[in-house]
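Q: Sharing a structure, written as structure tokens. Questions coming.
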Amino acid sequence: MENQFNNITNNSSSSIEASNQFSNKKTNRLDSFVSISELQEEAKKLLPKMAYDYYASGSNDQITLAENENAFNRIKLVPRSLVDVSKVNTRTKLFGRDISTPILIAPWAMQKMASQRGEIDTVEASKEFNTIMTLSSLSTTSVEDLSNASNGNPGWFQLYVFKDRKISEELVKRAESIGFTALVLTVDTPFLGKRTADFKNSFKLPNGLSLKIFERLMLSNLDGGLNQYFATMIDPSLTWNDLKWLKSITKLPILVKGIMCPKDAELALQYGADGIIVSNHGGRQLDTCPSTIEVLPYISKVVQGKVPLILDGGIRRGTDVLKALAYGANAVCIGRPIIWGLSSGGKDGVLKVLSLLNSELQLAMALTGINKVSDVNNSIIWDQNKYIKL
Ligand SMILES: Cc1cc2nc3c(=O)[nH]c(=O)nc-3n(C[C@H](O)[C@H](O)[C@H](O)COP(=O)(O)O)c2cc1C
Ligand SMILES: CC(C)CC(=O)C(=O)O
């Protein structure tokens, strides 16, 4: 039991052990962390305040930020007994690709504030674990460097659409030509949410770092503040019709990220989205909107398995992943857990987070009598109304 659930049980475990041989000291230190919250504490100790605050913050009073996690804790799982769970497996398939876990890496900006190699560390870890990373439009590594570091298999590319459509078009074509296999169109950010800490800290990228996608455009300085920068560059007039435009310039599947309203899920399907990501941007956009897990069942009812459905926001335990799958998600993305892993130990730290959460998921599956991801359904969620007549 100990071995089965505390070790990484996917086909990448041997290479992870091999890479650890070369960084024994770091690995031993990482071994002592047993939860995402402990890694967050470590990251807080290691990061400059301005970077930690930028990564950790939500918008306004951070009600939704907290609610994303709290809502998971209110959902109860049903333990099941005497089911043969000797061969629990977290492998699954997404857009035809076999992956070792339904836990994917969400796009998050400016990773070189967390580790020297930033996005390169993250993509190497995602490859080694056989999962999918989405690169942010606002990354500190170029799409080309990320593609090279991953031998032409960098994962998915997240798109913020620029006011100058030609820039976006060129970016999409570049990403497509160098091996990205899907586009993630973020639709919850016509303007950036109000993150109080960033204003107080006068957030800017540390000297020596820049947003690589824009470097050529001489727009890499963030002195006016993130919100002003975002408002200058990104197009707030984007509408559903632009999804048609995007489909006309690429052959890649397009996932729409930031869906929180069932009506918008309907529109996303109507306008041809190939996948839907239920997300409130980690509580960083509209504060006091519901948690993502709360709205997931309603969106799942609209989507009805027509396209892959992914959830992000507040996942800190393997039991949270299981609850999202039970409510209809095919996979989840994690943002801050990866940030804390990368900040605490670079590539090994990201691997630590993936293996920690995946082994928790595997254990939770065993304790609810589930052997494979496709067998998860809402019968594992405690609902007293179901049992009231017994
Ligand atoms: C520091 C930070 C930067 C982010 N940058 C982006 C981004 O560039 N593009 C994007 O679509 N989402 C971005 N997100 C949102 C994440 O993709 C994801 O929706 C969110 O982090 C999920 O919540 P979690 O952090 O609780 O897992 C960012 C989130 C954080 C915390
Ligand atoms: C640089 C930001 C615009 C990236 C982002 O989406 C975020 O911080 O939430």
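The backbone N, Cα and C atoms fix where each Cβ goes, glycine too.
Quick paste from TrEMBL:
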{"type": "REGION", "residues": "1-20", "note": "region 'Disordered'"}
{"type": "DOMAIN", "residues": "28-386", "note": "domain 'FMN hydroxy acid dehydrogenase'"}
{"type": "BINDING", "residues": "TYR54, TYR160, ARG195, HIS281, ARG284", "note": "glyoxylate binding site"}
{"type": "BINDING", "residues": "107-109, SER136, GLN158, THR186, LYS257, SER279, 312-316, 335-336", "note": "FMN binding site"}
{"type": "ACT_SITE", "residues": "HIS281", "note": "active site, proton acceptor"}
Q: Give the subset of the binding-site residues GLN158, TYR160, ASP312, ARG316, ARG336 lying near ligand 2, defined as CB under 6 A from any of its atoms.
A: none
Q: Give the maximum pairwise CA distance in Å, whole number, for the residues TYR54, TYR160, ARG195, HIS281, ARG284 listed as binding glyoxylate.
A: 19
Q: Just the number: how many Å between the Cα atoms of ARG284 (glyoxylate binding site) and GLY314 (FMN binding site)?
A: 12
Q: Relative to the Cα of TYR160 (glyoxylate binding site), which of the binding-site residues LYS257, ARG316, ARG336 has the closest Cα?
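A: Answer for the nearest of the binding-site residues: LYS257.
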Q: Compute the C-alpha separation of ARG316 (FMN binding site) from HIS281 (glyoxylate binding site), stating it in Å without decimals.
A: 15
Q: Counting only residues 6+ apart in the same chain, whose Cβ is under 8 Å from the Cβ of ALA109 (FMN binding site)?
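A: Sequence-distant Cβ neighbours: SER136, SER137, LEU138, SER139, LEU211.
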Q: Which binding-site residues among PRO107, ALA109, TYR160, ARG336 have CB under 6 Å of ligand 1?
A: PRO107, ALA109, ARG336
Q: Could you tell me the mean pLDDT over the domain 'FMN hydroxy acid dehydrogenase' (28-386), as a whole number?
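A: When the pLDDT values over the domain 'FMN hydroxy acid dehydrogenase' (28-386) are averaged, the result is 95.
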Q: In terms of DSSP three-state secondary structure, what is the assignment for ASP312 (FMN binding site)?
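A: ASP312 (FMN binding site) sits in a strand per DSSP.
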